[in-house]
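Please read the structure below before turning to the comments.
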Amino acid sequence: MSDSEEDLGVQLKGLKIARHLKESGEHTDEESNSSPEHDCGLSNQDDLTVMHTQAKEEVFKRREEDGTRTEDALHEGEAGKEGTGFPSSQSVCSPNEADSGIDRADKPILLDPFKSVHDTDPVPGTKSRSNSDSDSDSDDGGWQEMPAVSSFNIYNHRGELELTSKVRNSEQASETSPTVPPGKNCKSVNDSRFDYTKMAAEQQAQRSYRTNKKTDFLFDHKVLKKKINSSQTSVNLTSSPSTTSLNNEKNNDDDDDDSYDEYEDDVEPVNDLNRDSQLNITKNLLSDMEKFAYVGAINILANQMCTNLATLCLCIDIKSHKKLAHRLQFTQKDMAAWKTVVLSRLYDHLGISQEEIVMIEKLSLHKIQLEDLCKCLKTTQSIDNPWENDRDHEEDGIEETTERMSPNEQNGSVQASTPDPEQSATPETPKAKQSPLSSDVPGKVLDPENVKSQDKLNIDVAWTIICDLFLICLQSSTYDSRSRTLLINFAKVLNMTSLEICEFERRVTDSLDMEQSTEDQVWDEQDHMRNRRRSKRRKKMAYVALAMVGGSLVLGLSGGLLAPVIGGGIAAGLSTIGITGATSFLTGVGGTTVVAVSSTAIGANIGARGMSKRMGSVRTFEFRPLHNNRRVNLILTVSGWMVGNEDDVRLPFSTVDPVEGDLYSLYWEPEMLKSIGQTVSIVATEIFTTSLQQILGATVLTALISSIQWPMALSKLGYILDNPWNVSLDRAWSAGKILADTLIARNLGARPITLVGFSIGARVIFSCLIELCKKKALGLIENVYLFGTPAVMKKEQLVMARSVVSGRFVNGYSDKDWFLAYLFRAAAGGFSAVMGISTIENVEGIENINCTEFVDGHLNYRKSMPKLLKRIGIAVLSEEFVEIEEMMNPEEVKRKRKLINDVDAAQKKLSERKKHNSWVPKWLKPKKSKWKVMVEEAVEEGRDMQDLPENDVNNNENENPDEHEGIARQKRRDAALVDHGALMHELQLIKQAMHEDEIKNKACLPGEDKEVESSNDFLGESHYKPPSTPKINPPQSPNNFQLLSAGRTILPEDDDFDPRGKKKVEFSFPDDI
């Protein structure tokens, strides 16, 4: 065997061809008996080697001359069989077949992989195959395109079938491969159902399919034009066989132009479809009546937006706020300018005359309703094709296209030529027999070249107008937030949801290559932070100096006035520990001076340090993207706190549906967010400090602590200035200004932005909106959603914030948010109304949503964010998110345990009662009442009883009952305040004495001596035993008091029953006494 036959490519090609021909064995056997191609003679192996080498050299020479690509001879042979069926010796018996020495009837033929298409004269009517094998077989010396193999169907985020399953079984492959026509894309193979998808759930794929089905008339497959050209090429091949090679070269050149590799090619081929061409298409699809209704509805909607802004400006007294009046006036002027620009573009696009413009502008004055104008826009119509060709060419084109396309493609691309009455009656309901997601989600905008062969076009007027308006809004290469609000409001009038608009925006931008550029985005705002820090430097120095003076005055005055008392307390404490002689100095003039000066210095230090920390600048300000798909809108989220070191600010918003747009999260001041999120440290610290002061009050320095509690209450300057809550509030306000600078600089793209935040994050957004109003930056913010905002309701600020938002402004509050009700008001809010705990009234355009059913407290906002987002209308994939498991720090656990042990020890020490623990005489101290002492002793005895395990008691009972009784008497005493057993014993003694007196009286009567004697003998003193004291069980109730169940019932004795006297039986109970 020669070296050429041992080449690896030849062996692999042979194996591939053998497997391919084996799959269609029956078809090969039938033609082997009837076709004359087996009559060709076969030569020896040497001839095969010579012919093989010569053919290979000719191919390489020809490739150097004209650069044409080779094609597998197998494809040509199969095309001859699938074509007209005429036998040809040139095409049937190649030199390689003649000299192979292998019987074709027994084994599959190994054709020459280097056989050129120009070496043989093709049979008229043959079809060229465009499978991936033909591309991979061409040996051009570079990287070969390898087909992707998968065991299941995979869909992309648009719902398109990206990769079909590769069936390795020969039987299944024989069933699927012959049904695929030449040139058909792999997206239509095995696409009759929804298979595995990379999207979050199958529901998303089905939703995308239903939404995209409504706009299929505006889009077409990317390969449709190629298929139509290939069908026209086959007609030319049938008529003129001599021009086959030229047509093949032309088709190959077209394939080269269509296939673009971003890693191999330097310049991307230019696509003729753009925004302007699509605008011309949509304009031609509308009638005059629909155009006037379209323009009139947009005019009315724009006037409504201007009216709402004017109503908002009238909510406040403009005369008393001149600066605010100027800002609101500029906002109204800018809104009017935007309206003029949008309407002028629309008039020019649709060709509206000046007289018609005047008529349309007066529609709002006549109180025309939108529902009346939009009735004609909610229909599906069948219109004449404006790009129709001649009738003869149309019929030929339809016939050839029908031959070359599968039934699924015919339904997807040619169904417009035969309008369906069911589809026209219910345009929004897709048919059950339509092809699924893979074949109905194309990626190319409708091209007139693709529909020239159609007589009628079925269009949905509403979606055509939405597409036209969307492209009009993007005409200046910027997407204003007011334009998107106008688009969504208009879609609601046409009975479309915002989610469908998001799907449509994504589809249009993907088709026209209009994605938002992300290369120029800035993720770290160092420049803006530096500028803000410089502008704030002088203000910070002034505030620090003021706080220093104020702190020195507060502590200096309080320390100077109370210096004698403080000095006396210090002297008393020192004398307690054995240091004497300091009383005269500390209570004199010298001590007073020392205390006053020290208090002044300490106050100045506390004030300066606290204000410096509070006026600090923002050090961390970054953006963390969660969904970055280059969409035309952005959702920016701001978290209120972080839980632990491993927490992520994107986690509460991680369940938002990606179709809503790009989603970024603001990562700012992580140390401060972690300190807030770990615990409610502010309230807990205040309570803990109070308990420590009480603990210290029972120690040696009792007099000192008690004497300086008043100046400490007056001098909580440090806590007021630099507590974590106040510092976080001021830092959030500063971060909002930096966010405003970022949005003004368009660092996140020239697109509408939706802001979502909770707790401190909502305060960041609120500060950003006010700063945008001050900077007169309009058209940036589309929607705002605030939850649990720690901000005071000031009407001026609310009006400023609402004026820069074009869409919805939602305030989420909770009635059970005690955190804001107590802490925020105590720290900064005073008695003013807070946004996070009450509704906002008397301000136009603000929605109030009560979140109490989802939020029990302030710390539940983070956990309930997916539910709240779903409540306000944002699509979410799940109502819960999975927390990040954080590893416990051993040092932190050890520190917490030590702190708990110290607190327990201090409380135990405080609870111990000492008889002589101070210099105050005992008779001067307040005394407790007797009943208080008794209750405390009973409680302590009950605790001692509870400390004894039950198992030990049972064991002691079994071993030695006497010892157990002694232990029980010592450790288990009755917790009741009254000894019921003693009372019962005294009662029995009284009854016995009364009984003896009665017997003596009876003995004095005559005739009854014998009976009395017999009774005395029977009831002698030696035989009489009073009832013993009942054993009292230990208390079982948790409060250790058993007044209701104490004692036992007293039953009558035997001698109480006198049959002669028939005395009445009486029962006595201890509780009745």
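Every residue, even glycine, has its Cβ placed from backbone N, Cα and C.
If you look up Swiss-Prot, you'll see 54-81, 101-121 marked as compositional bias 'Basic and acidic residues'. Annotation comment: Swiss-Prot describes 233-249 as compositional bias 'Low complexity'. For 252-267, the entry in Swiss-Prot reads compositional bias 'Acidic residues'. What Swiss-Prot records for 404-427 is compositional bias 'Polar residues'. Look at Swiss-Prot and you will find 1027-1037 tagged as compositional bias 'Pro residues'. The N-linked glycosylation site annotation in Swiss-Prot covers N190, N229, N236, N280, N411, N495, N726, N850 and is backed by sequence analysis. What Swiss-Prot lists as phosphoserine is S435, S1037, and the listing cites a large-scale study or a structure entry. Among the features that Swiss-Prot reports, region 'Disordered' is placed at 1-151, 163-190, 230-267, 385-448, 942-968, 1010-1073. Feature annotation from Swiss-Prot assigns transmembrane segment to 292-312, 457-477, 553-573, 577-597, 818-838; the stated evidence is sequence analysis.
Features recorded in Swiss-Prot, as mapped to the structure shown.
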{"residue": "N280", "record": "N-linked glycosylation site", "Cβ within 10 Å": "10"}
{"residue": "N495", "record": "N-linked glycosylation site", "Cβ within 10 Å": "11"}
{"residue": "N726", "record": "N-linked glycosylation site", "Cβ within 10 Å": "19"}
{"residue": "N850", "record": "N-linked glycosylation site", "Cβ within 10 Å": "13"}
For the transmembrane segment (292-312), sequence-distant contacts whose Cβ falls under 8 Å of one of its Cβ atoms, 6 or more beyond its ends: 286, 331-332, 335-336, 339, 342-343, 346-347, 350, 352, 356, 360-361, 363-364, 368, 370, 373-374, 376-377, 465, 468-469, 482, 485-486, 489-490, 493, 799, 802-803, 806, 843-845
Inter-residue Cα distance where the pair is N280 (N-linked glycosylation site) and N495 (N-linked glycosylation site), in Å: 25
Distance [Cα-Cα, Å, rounded] between N280 (N-linked glycosylation site) and N850 (N-linked glycosylation site): 47
Inter-residue C-alpha distance, N726 (N-linked glycosylation site) and N850 (N-linked glycosylation site) (nearest angstrom): 26
Coarse DSSP state, helix versus strand versus coil, of N495 (N-linked glycosylation site): coil
Per DSSP, three-state class assigned to N850 (N-linked glycosylation site): strand
Local backbone state of N280 (N-linked glycosylation site), from DSSP in three classes: helix
